[in-house]
């Protein structure tokens, strides 16, 4: 379990973390979201004990990174933005080196991970010849070598193609499910995390402005629900069953309801005389919530 | 102290020397110049070309020889005297440039090379102590530089004895001066060079900055060389032991300073 209480950190005169507080339960995948420069990377570095906070308290599995950094580093794996690999060495040499550093005795794990991340055919090539996506996958394999109980991932999908993103994210979800690993993912590509993280924390100007599961955040920030319905119903007086409605192109209408409970009766009413081919809830995705949180915070 | 960690980092760094053309060229070229080309050139010029010294220069040479050795040397022929002086004094300080230049080149790259490749953060995020990191980096510079120095010593011996045997009818290399140099002064100078360069390497952000600052370490060695040539002082046994003791003390102080002022947070923030 990770607990951060009012942690602040400044570099020169610039405050990067400003009384940041967050909690990440054991086995949870927490998405740490925020714009560039929000303090996500600094927070990960502070959690790993490589940067000292100016103030505040941190507890990681009961350890304080300021005092027990070494113990924390033994059980954490990390993927940084730059991947941190040796470009002159090949994939096997890189993983073998880090296996020694992390005290991994079972060397077959190197080859298992290379296979799992689709790098088996490229294991003898120098990393300098790898694409950004391949480097990211190898960096993730490096972070998982010692089977850490906590994973810090800083922009793990940057530079990956859609296949790579899908491979990495589904592997992470599966790994978390099988091993109960606590995962903290920093990203600003929100839609990728929507189905991976169990909860989210929004960081802005070094401060957590809100956190919770997607459902909790939707309930908190959505005052109404917009439904995009594909139907042959034609709107005449701007409402359907008493709800405001607008006609869209190609047999689509947009109806605004106040609560999820109102959706089923509304659809039932429409279906009495018309067909419905699809229904989609608009502006309830993570990205819309993110902008709502930020705009409310900036008010 | 985790030996696996020390071995892994040292092995990686030494392999890297063979992967880097610049580093490899330096550690091959410098010994070839200072232990083969210069001694072979000087000794063969003295022995196989005819020349005469004017009275003033001869008197100065006699003074040098009296200062450094015993009166027996004065009975040597001019060629023998010059070879004796070059092999036992001039070349000793010239030889010191081999460990200093090779170790500076390798050690300057030690930490700043990791910073430039953005791999230092991977090491600092790992469960290794800063002490293990520094010791590995010191070993990664010491092992190749000392090996190169030993190989150079053997090569010099072969060249000098090979060229001078017909004149002296005995092996003139290694003298006691050389043995003390290789076993005492050279390791001390080598460690000093490495410690200073690793310290510089931990504080600067580019290899160029590290080599610019590290290059200053060559100056005292050049000072010794100029001292020999000008006759100001001679690096004899006594002076070598005194110098080694002083450098040993400086090395111990430096080691303490490195341990005291280089914590993980400082190292990490210096590379951002």
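Using the three backbone atoms N, Cα and C, a Cβ is placed for every residue, glycine included.
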Candidate ranges B:21-49, B:50-78; TrEMBL annotation transmembrane segment resolves to B:21-49
Tell me whether the transmembrane segment (B:21-49) sits in contact with the transmembrane segment (B:133-158), defined here as at least 3 Cβ pairs under 8 Å among residues 6 or more apart in sequence. yes
Per the Cβ under 8 Å criterion, with at least 6 residues separating them from its ends, the transmembrane segment (B:233-255) contacts 64, 67-68, 89, 92-93, 176-177, 180-181, 184-185, 188-189, 191-192, 195-196, 199, 224, 227
